[in-house]
Amino acid sequence: MSALSGHIGRSATILQNLKGHTSDVNCCDFAPNFTLVTGSSDKTVRVWDWISGSGYVERPQSPLRVHKYQVTCVRISPHGSMMASSSVDGTALLWNLHSLTKLHTMTQVNGDAIRVCSFSPDSTLLVTAGDNGAVCIWDLVHRSLIRTLFEHEGTTQALVFTPDCQFLVTACSLEVVKVWHVQDLIDTTTETPCSPLTRIDNIHDMGVFSIDISKHIEVDENNPLIRYYSMASGGCNNELKLWTIRSRVSAKNKNLTHIEVSICLSNVLEGHASSVTCVRFSNSGRYLVSSSLDKSVKVWDTNKDCTCLVTLYGHQRYVNCVAFSKDSNIVVSGSTGSNDKLVIVWDLTGKISLNNELFALINSNSNGVVETQIMDTTNRDSNECSLLEKIDDIFEGGVNSCCFNGKELLATGSGDKFIRLFKVGEENNNVEELGNSPLEGHTYAINHVEFSKNGDKLASSSLDGCTFIWNTQTGEKCLSVPKNGLSIKVCRFSPNGKFIITGGDDEKAVIWNVDTMEAISVLEGHLDTITSACVSPDSKIVVTASCNADYRAWAVEAAKCLYIKEDAHDGGIQSCDFSDNLDPIPNTISDRQYYLLATCGNDSLVKLWRISVEKLNSVVNIEVKQWRSLQGHGGNVISVRFSPVVGEIVCSTATDRQSRLWAVYGGHCLYVLDHDSIVTCCSFNSDCSLLATGCLDRTLWLWKLPQQLVFQTAIANKMKSRSKTVAEWSNRDVIKWLAEISMSKIAQNVRNSGLNGEKLITLTEVEVCSGLDLDEETSKVMMEELKWLKKLQLDIQAFCTVDIPHEFLCPITHEIMREPVRCSDGFTYEKNAVAEWFMSGKYTSPMTNAVLTNTTLIPNLELRDSIRQFLESAEEKE
C-alpha cells in the first residue's frame, strides 16, 4: 500500500533538486529499482541512481550524447533492463540500462522527428511516433519494423498501451485519439491495412499533449468478456479528462474473435491555469500526477471524487514532464526556461530522507552475496565476426559441402572424394581431424554431406551416383541407396529421423526409409537437375529445387505435389533450406501451420518464402508468399542455411567470394565475410557460436560469431508477445498453455472437447473439468490452474499489501513473482524479467555476474505454488 494513503498534500516536500541539463528538461521516467532517467533539449539523456546517504547521483557514464538534436522522450522497459530514447533527429535508440550500451537504432519514416515512444507491457514492442503522424511498431525481439500506420494527420504526441497489451491508444495535435488492437498491428501474415477500433475527435481543444492508462483493469461482474480501462488525457485547454475505455470480446468463428471498443468521458479535472503538458498514473492506478505550463505539479486521488491532494510549486518556468516512482511515494518533474532547467524530486509522504533505502535488499543464497543493485556488466565480446582458423593444407579438392553436428563435430565433403570429420575444441576452438577421418568409399567428388538430427548417422552423396550412410562413431559405411547412373546432388535427413531424400541429375527426388534404404516414394515433375532439397521441421513437407528455376512443395505422407513456384530465381535455383522454427512468423493469430523457406540462385538473390498449410478433412490447402528478398551478393548465390532452432539468422555463400549473414526478420545484412575464392557451402553449429564455410580453393574457414547472434537464437523463443487475452484463445492456444504448466497429458481431452479461451473464462472451474472428463486428482490440479489463470489475466497489480518474504521477490524487479523460473545460475527470477535481461544483451547472472552456461529457463513450480498459497492467505486477511 502506498504511503500516500491517509496523507494530505501538506506532507509533500522537495527531496532534491537535480542540475546538469543545460536546456529544457522534456521527459523523465523511473525504473522499478528507482533509477531515474531524464532527457533534454540539450541533446542528452542523463541517468541518476539512488545512493543511500546522497540521494540521486548521476551515473559516471552519464550523460549519453548520441542524439544529434533535442531528446523528446525517454522510457524504461517494464522490468527495467532497457531504456528507449527518441529525438527530433528522427531516431529512437534502445539502450541497456545497466551498462548504458546502445543496443539498436530505429529510424522513423522519412527521418522525421520523433516526439514520443512507448514500450509494450510485455517488453516485446516499442512504438514510436512524431511529426509526420506516422506510428511505427518495432519488434524488439527480432529488432525489426513490423508496421507503419499513416492514420493521424497531425503530429502524434502521445502513445500508451493498455496494461494487458491488448490495445494501443494514440493521440495527435488535431484533437484526435484512436484505439488499435495490438494483435492486428503485429500480425504480419495479413496484407489487410489496419484500421482503428474506435476514435474520438475534439478530445481537447487545440490538441492533446499527453495520455496515460491506469494499470488497474475492471471486469464486468455479469460478463467476464467485458473489460474497463481508465485513461487520462491532458491538453491545451487547461483540463485533465478521465475516460473509460470499454472492450468486449465475442467469438467470430472457430479461430477468430470480434472485439468492440468504445470510449466515454467519465470526469473532468479542473485546477491548472494553463495547458496540461503531462499526465501519469501511479503504479496502483489510484493516483494521477499532472504537470502544466502554469509552473505547477498536481497529484490527484482518483478514488475520492478525483480530488486534488496537493499542488507542488518549485519550478520557476513551465513544467514539461512528470513521473511516479514504482511505490507512488516519489514524483519527479522537469521544467524549461533559461533560468530553471531543473529536475525536482518530490517526497509525497514527508517521511523520506536522502539516507533512505528505497527498495528491499535481495539476499543471495550463495556465499552470502547481497544484491543491492543489478550487476553493471558490459558486453564481454566485441560485436564482430572473427576468423578462428583457415584450413588450407588438408583438402586436395574444393570443399563442396560442410555440416555441423552439435557444437563441436564438423563434417566436410570435397572434390578429392573424401569425407573428413573434425572436432572443434570447446574451450580453445582448436580444430582437429578425428582419427577415423577421412571416410573413403566414393569414387568421385562429394556433392553433399549431412548429419542426422541425433548425430548418429552421416549421409553423403556424390558425382558417382551413390548415397552412403555412415556410422559417425566408427566411421564405417553402414547403408547405401541403390546406385544412380547420374550424379546425386543432395541428400537430406528428415528431422524425425525416419527418411532421407535424395535428388540429382535424373530430375527425380526419392524418399528413402533410413533403416532399410527402400524407396518410399519417387517425386517426379522437375524438367531439369534437382540441385537442392529440404524437409520441414515437422517432417511433413519436402521442397525440391531445380536448375529450371522452379521449386516444388510435396506432402510427404501422400507423396503429392502441393505447390509449384516457377521462375523463383532467374537462371535457376542453387540451394534451399527450411527454418527449424515451427512458429517462424511472429505473433500470428491463425491456426494454420507456418513454415519459412529460404532459396538462392543465379540472380544473386536470397529469397525467404512464407508457406502456410491448413488441412481441412482430407484436403490440404497451401499458400506461398515471398516474404523477403535479400540483395547484396555480386555473383551467383550457391548455398543458403538458416541458423538452428529459431532461425534468426540466414547465411548465404556466393561466387563473389563472400558469405553473408542476414537478419531474417529485419531483412538486412549483418556481416560480410570475405574469402579468397568462391564460397561453396556453410553450416552453423548448434548454439550459433560458430560458422563453417568451404571454398573452391580447397580451404575450410571457421568463424566465431558474436554473442549478439548467440543471444538472438537463445532468447527469441523466450520473449513472445502475448497480445491475446484468454478469451481470444483458440483450442490450439489452450493446448499450448497446458504444455507451459506441465499438463500436456490432458491435451487430447482438450482437443476432443474443442475447449477454447472463451469457455475457460465464462464456465466455472467445475464445468470445465467435468467437460474434459478428468479424474479427481487431475480435476483438482486443473481447477487450481484455472483459478489462477483468471486472476493473472485480471490482476495486473500486486495482489496484496502485506510484507512479502524476500524469497518471493524477483532479484531483478524486486517485485513478487508470478511466473518464477530457475536460470542456469541456480537462482529464480520472474520469467519476463530475466528474459528481458537477456534481451538487453546480458549473458551473465543478474545475481553473481558470472557468465551463464546457457539461457534455459525452467519453471519453478514449487516456488510458484508457495507464492500462490501466501497470496491466498494474505487475501483472506485483507
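Glycine too: its Cβ is placed from the backbone N, Cα and C atoms.
Under 8 Å from some Cβ of the repeat 'WD' (18-49) lie the Cβ atoms of residues 56-59, 61-76, 79-80, 83, 85, 87, 97, 100, 320-326, 330, 332-337, 341-345, 358-359, 373-374, 813-815, all in the same chain and six or more residues away from its ends. Marked as repeat 'WD' by TrEMBL: 18-49 (among others).
Annotation source TrEMBL lists repeat 'WD' at 64-105 (among others). Beyond its flanks by at least six residues, the repeat 'WD' (64-105) meets 23-24, 26-33, 35, 37-47, 111-119, 121-123, 126, 128, 130, 138, 140, 143, 374-379, 812-813, 830, 832-833, 836-837, 839-842 of its own chain at Cβ-Cβ distances under 8 Å.
Residues 69, 72-73, 75-79, 82, 84-92, 94, 154-165, 168, 170, 172, 182, 185-186, 188, 194, 586-587, 648, 663-667, 712, 715-716, 719-723, 832, 835-836, 839 of the same chain lie 6+ residues outside the repeat 'WD' (107-148) yet bring a C-beta within less than 8 angstroms of a C-beta in it. Among the features that TrEMBL reports, repeat 'WD' is placed at 107-148 (among others).
Per DSSP, the repeat 'WD' (149-190) is made up of 5 helix, 18 strand, 19 coil. Taken from TrEMBL, the feature repeat 'WD' covers 149-190 (among others).
Annotation comment: TrEMBL describes 269-301 (among others) as repeat 'WD'. Long-range contacts of the repeat 'WD' (269-301) within the same chain: residues 2, 4, 9, 12, 209-216, 230, 232-242, 307-313, 315-324, 326-328, 331, 333, 335, 346, 348, 797, each at least 6 residues beyond the stretch ends and with a Cβ under 8 Å from a Cβ of the stretch.
Summarising the annotation, TrEMBL assigns repeat 'WD' to 312-348 (among others). The residues of the repeat 'WD' (312-348), classed with DSSP into helix (H, G, I), strand (E, B) and coil, number 0 helix, 19 strand, 18 coil.
Summarising the annotation, TrEMBL assigns repeat 'WD' to 439-480 (among others). Here the repeat 'WD' (439-480) has a mean pLDDT of 92 out of 100.
Per TrEMBL, repeat 'WD' is recorded for 493-522 (among others). Remark: secondary structure over the repeat 'WD' (493-522) totals 0 helix, 17 strand, 13 coil, with classes taken from DSSP.
Look at TrEMBL and you will find 523-564 (among others) tagged as repeat 'WD'. If you look at the repeat 'WD' (523-564), the same-chain residues 6 or more away from its ends with a CB under 8 A from one of its CBs are 489-490, 492-496, 498-499, 501-505, 507-511, 570-582, 593, 595, 597, 599, 601, 611, 613, 620, 622, 624.
What TrEMBL records for 630-672 (among others) is repeat 'WD'.
Taking H, G and I as helix, E and B as strand and the rest as coil, DSSP gives the repeat 'WD' (672-713) the counts 7 helix, 20 strand, 15 coil. Marked as repeat 'WD' by TrEMBL: 672-713 (among others).
The domain 'SAM' annotation in TrEMBL covers 729-768.
According to TrEMBL, the domain 'U-box' annotation covers 803-877.
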- Task: Would you mind listing the long-range same-chain contacts of the repeat 'WD' (312-348), meaning Cβ under 8 Å and 6+ residues beyond its ends?
- Result: 2-4, 7, 11-30, 32, 34, 36, 38, 40-41, 48, 55-56, 277-284, 286-287, 289-293, 295-299, 358
- Note on the structure: Secondary structure of the repeat 'WD' (18-49) by DSSP, residue by residue, totals 0 helix, 17 strand, 15 coil
- Note on the structure: Taking DSSP helix as H, G and I and strand as E and B, the repeat 'WD' (439-480) has 0 helix, 22 strand, 20 coil
